[in-house]
Amino acid sequence: MDSFEDKLQQLREAFNAGRTRSAEFRAAQLQGLSHFLRDNKQQLQEALAQDLHKSAFESEVSEIAISQAEVDLALRNLRSWMKDEKVSKNLATQLDSAFIRKEPFGLVLIIVPWNYPLNLTLVPLVGAIAAGNCVVLKPSEISKATEKILAEVLPRYLDQSCFAVVLGGPQETGQLLEHRFDYIFFTGNTYVGKIVMAAAAKHLTPITLELGGKNPCYVDDNCDPQTVANRVAWFRYFNAGQTCVAPDYVLCSQEMQERLVPALQNAITRFYGDNPQTSPNLGRIINQKHFERLQGLLGCGRVAIGGQSDEGERYIAPTVLVDVQETEPVMQEEIFGPILPLVTVTNLDEAIEFINRREKPLALYAFSKRSQVIKQVLARTSSGGFCGNDGFMHMTLSSLPFGGVGTSGMGRYHGKFSFDTFSNQRACLLRSPGMEKINDLRYPPYTSRNLRVLLVAMEKRCCSCTLL
């Protein structure tokens, strides 16, 4: 028996009845999300600490505050986002009404990963709600403590005839994907992304895929090594490196590597102390499977910093690898952990060639005191996002779209981009039932004169007297 059938039917009936369409309903659900975040802040922080050993600081910055900001932005702008968008007209339609209507798709499925289990649930959910959809949330079964709150507490703040949280692992997710949805939003790795896309293709369901990849970080010789080290170490080891936009490797000259390694050691010691394992600010690996995978990568190249691990705590020290070969496993897969390989190149051209012969990344970073170098990297490469002289701060701007390209994903969200993602852009033209004399120009029998007049009328963007 299909355990999802009844619930999905209930949600679809609610959507078809128009329950989610009004601005008032959407605003009420968004306010519910806001109350959920404020009422359960401590409980959420405790769950994130239990799942990932996240500090209260990292939980606030990367999970709670970002989610709250998205809710607040949607509430402030909901009515303006929902308004019909007027468009330009040609001469033939000057007296008509032409506009784009942003209508909800219908029943949306959001599949969430474990690394930012609150952020990556609520941020797309805000967009889906604001756009007027009914939603099925599938949180990750791996981040168990956060999953429990999302399943047991979040529904109390939403209209349960329009929103549902479903639980389970890969088998249940596979069963869920057999059903027809009107939109699917998936965040996770490329392998599973292909499975989700294949399932969506059976029903021709539109989809957003937020995937990952190996994000490059180029460091120019003219940089201050300590400034670069501070910034790179922070966003590499944030959440124990389990971040889809974290730098996966650094490209720099041999000279810069020799300056960067001690600077990275200084930054790591400053951030996490002489024994990072005792630091309350360093996360842990999510589970045993990923811990063992990361341990295997520690054998690549040569360990310049860190390399220690503790299986009992699923702890891996902030690690820097040097003398890494491009063919080694650490350079063939997304690391998704607190390991940073340094790869030496002779110049900027070689670095760009190295980047371009790999799959397009979700994010790309470049450090230089020369703006021309930053502009060259930006102009000669492709990635989902780009940040010069820092890391993943572009993620904090709701005015910038977030998403991948190629194997790092498709589709965009954050801020109004989330609303647009979950909205069908419906092209609308409302014409007069009268004035049939003018329309006679387009009817048979066709003449060359009528063709000339009609072509002018269809091309002109404003009124014109030159009709003949």
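Placed from the backbone N, Cα and C atoms, the Cβ positions cover glycine too.
According to DSSP, Glu210 (active site) sits within a strand segment. Per Swiss-Prot, the feature active site maps to Glu210 (among others).
Long-range neighbours of Cys244 (active site) (same chain, six or more residues apart, CB within less than 8 Å of its CB): Asn115, Thr187, Glu210, Leu211, Gly212, Phe336, Leu362. Summarising the annotation, Swiss-Prot assigns active site to Cys244 (among others) and lists similarity to another entry as the type of evidence.
The Cβ of Tyr191 (NAD(+) binding site) lies under 8 Å from the Cβ of no residue that sits 6+ residues away along the same chain. Summarising the annotation, Swiss-Prot assigns NAD(+) binding site to Gly188, Asn189, Thr190, Tyr191, Val192, Gly193.
The S-palmitoyl cysteine feature in Swiss-Prot is assigned to Cys462 (among others); the stated evidence is similarity to another entry.
Swiss-Prot lists Cys463 (among others) with the feature S-palmitoyl cysteine, giving similarity to another entry as the kind of evidence.
Taken from Swiss-Prot, the feature S-geranylgeranyl cysteine covers Cys465.
The feature N-acetylmethionine is assigned by Swiss-Prot to Met1, with similarity to another entry given as support.
Taken from Swiss-Prot, the feature cysteine methyl ester applies to Cys465, supported by a curator's inference.
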Near Gly188 (NAD(+) binding site), which residues of its own chain have a C-beta under 8 A away, given they sit six or more steps off in sequence?
Ile111, Pro113, Val196, Glu210, Leu211
